[in-house]
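A short worksheet on the structure shown next.
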Amino acid sequence: MNFTSSDVNQSSSPFCLLGLGYSYNLNTCMLEVSVILFLTILIISGNLVVIFVFHCAPLLHHHTTSHFIQTMAYADLLVGVSCLVPSLSLLHYLKGLDEELTCKVFVYLVSVLKSVSMASLACISVDRYIAITRPFTYATLVTPCRLRVCIGLIWLYSALIFLPSFFGWGKPGYHGDIFRWCATSWQTDPGFSSFIVALLYAPATLTVCFTYGSIFRICRQHTRKITQRHARFGPQGNERGERGEGCLDKRYAMVLFRITSVFYVLWMPYIVYFLLESAGLYCHLVASFLTTWLAISNSFCNCLIYSLSNSMFRKGLGRLFTSLFSPCLELDCCTEGKKGPLWCHVWRL
């Protein structure tokens, strides 16, 4: 590639998407570096904790949705690791790499990983819908083998749907706009944007809305029937069990619904800007940066919401921290057969 003198001057001049916060002493955009590094640390540390808790707490594996949640955790962890690329680039540690190729690979990887998260959320909603509408045949419909196939198809579909961007058809996102080439030379395409919306964003959103709407309607009907039966015939022996089971299903669905809701709340500004920019209606570098990294922050919010909403996860997290900070206690009560705290005996399982 041939460079002109204007290209050299342009490449040597400071390039900050936010237009402020440039440090001439450090020769970098401090505001962008601070935001990206902060989110990177949160995403990596938060999802590592989620992965360790799932590996160390067997009770969390009783729900089939745990497989999808772990898939999301691994995908979000890889998002955090991928975010080291723009951080290192802003700190001038990637000077020897081709900017165009680095930009394309980074944007493709992050787009695929976030697609995995979105598709996993849709599969979780379908899984809960089947569990509540077909409780007696659920075990035969949702088998471990089918779960593994479904997760494999999620990764394959996500990898294929963004592949056309490598062949010059559109731009899948603004994650790499901290690279000058990404921000100024790689343009979005209305056809490719419509393609992504039609095959990913719209189906996932409609699936989530339909399944959770149906789940909450069924739970309300179930609770209403129990209440009417109680008013007509008085309390019965199996009523408490039915009520507890219905409340448990609704409570677990609410946890997953919160994760899904936060995902779409954080991603909706990005999707709206993506559509507006692709259609040529609005284009602003600051807006692209803020909406993009707001959406990426969801990779940390997933594990935060799950840890705050799921009591079983909190117990597993407590066992993990207890084992880390008191290994001697774990050895005494779990290996010598002594009567120790409850978590020791659960941990042995």
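The backbone N, Cα and C atoms fix where each Cβ goes, glycine too.
The annotation transmembrane segment is assigned in TrEMBL to 35-60, 72-94, 106-126, 147-167, 195-219, 255-276, 288-309. Sequence annotations record features per position, and here TrEMBL assigns domain 'G-protein coupled receptors family 1 profile' to 46-306.
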Could you pull the average pLDDT for the domain 'G-protein coupled receptors family 1 profile' (46-306)? 82
Recorded stretches the transmembrane segment (72-94) and the transmembrane segment (195-219) touching, at least 3 CB pairs under 8 Å: no
Listed stretches 147-167, 195-219, 288-309 vs the transmembrane segment (35-60), most Cβ pairs under 8 Å: range 288-309
Can you work out which residues elsewhere in the same chain, 6+ from the ends of the transmembrane segment (288-309), have a Cβ less than 8 Å from its Cβ atoms? 17-18, 32, 35-36, 39, 42-43, 46-47, 49-50, 69, 72-73, 76, 79-80, 83, 110, 114, 117, 173-175, 177-178, 183, 254-255, 258-259, 262-263, 266-267, 269-270, 272-273, 277, 317
